[in-house]
Amino acid sequence: MTSSGGKFWPGGMHHSHFLPFSPISSLPQSISSAFKSIYQQHGVVGLWRGVTGAVPRVTVGSAVQLSTFASAKDWWFRKGSWAAVLAGGMVSSVAVAVAMTPFDVISTRLYNQPVHADGTGKLYRGFLDCILQISNKEGLLGLYKGIGAVYFRLGPHTVLSLFFWDKLRNMVQH
């Protein structure tokens, strides 16, 4: 826990615009006031800060999820088996966590870094600079900080989403 003006914030929340409530009166009290605050301080560009880490994350995650699911369920089990679908989802969930964690780390660092008055980051110049700094200072494993939490979030979601998607797709096709 970190302290901010005598108040304790769990997890060291740095992006104060998104706190749902605030014991400090100067912080936004709602989503709309957070948008207004970000817009007033940084303009439209401030609303899109960190997107350079989020877009590759979603692109890579979706590609890995669908390709590993299709391959795993068809290679190892009898086609049409519910066990094949679950196993394919499990293999896919591990692959997704491994592929997406570096992008989660990069996005989080880009979103949460302090910014200059013009909205440019004080710590990272962008996506590539962030990767290079993390790799140089923390090693490649620095890009995998929090992979356990990522897996526990993405694992069940991936398995269940792919299982139900596959079953609904089969119902429509037959």
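Cβ atoms here come from the backbone N, Cα and C positions, even for glycine.
Here's what TrEMBL has on this protein:
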REPEAT    80-171  repeat 'Solcar'
TRANSMEM  82-103  transmembrane segment
TRANSMEM  146-165  transmembrane segment
The repeat 'Solcar' (80-171), counted residue by residue under DSSP: helix, strand, coil: 73 helix, 2 strand, 17 coil
Local confidence of the repeat 'Solcar' (80-171) - pLDDT mean: 91
